[in-house]
Amino acid sequence: MANLVKTFLLGELVKGMGVTLKNFFARKDTIYFPEEKTPQSVRFRGLHAQRRYPNGEERCIACKLCEAVCPAMAINIESEEREDGTRRTKRYDIDLTKCIFCGFCEEACPTDAIVETHIFEYHGEKKGDLHMTKPILLAIGDKYEAEIAKRKAADAPYR
């Protein structure tokens, strides 16, 4: 009998309309993406960059730890020895089509040379556009050095 009354009075429909009306006037959780940006964690892992020392010299010492630890094998490094006996990279490439943005390269680097920035809005129109070379990585690092240093400092107490 109760089932017949529920069916006759359309109980489920009334319940559903109640939920709809309750949520209709509630605060919206939608973020209108291009105009509004969501806050990012200081540990967000986006586009890669290479850093320099304050005197302008690149930080990478060609230890190849990042290349060894990369699970996707997205990093390729060729190094050469300088006249003063130090080693530096001749070629440093990251293939972003292979990269899984795990952050292992950043963790393995003893000199903080390779970092993942906050940049997530990038694209490639041609096949080679997502193949990052050493000059491109250094240019990104130079452009965003202040932000990279600020994020590193904010994350330092937790490392």
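Placement of Cβ uses the backbone N, Cα and C atoms for every residue, glycine included.
Matching CYS63, CYS70 to the [4Fe-4S] cluster 2 binding residues that Swiss-Prot gives (CYS99, CYS102, CYS105) identifies CYS70. Residue pair CYS66 ([4Fe-4S] cluster 1 binding site) / CYS102 ([4Fe-4S] cluster 2 binding site) shows a Cα separation of 12 Å.
Taking the C-alpha atom of CYS70 ([4Fe-4S] cluster 2 binding site) as reference, the shortest distance to any of the binding-site residues CYS60, CYS63, CYS109 belongs to CYS109.
For CYS60 ([4Fe-4S] cluster 1 binding site) paired with CYS99 ([4Fe-4S] cluster 2 binding site), the C-alpha to C-alpha distance reads 19 Å. For the binding-site residues CYS63, CYS66, CYS70, CYS109, counting C-beta atoms within 10 A of each C-beta gives the highest total at CYS66.
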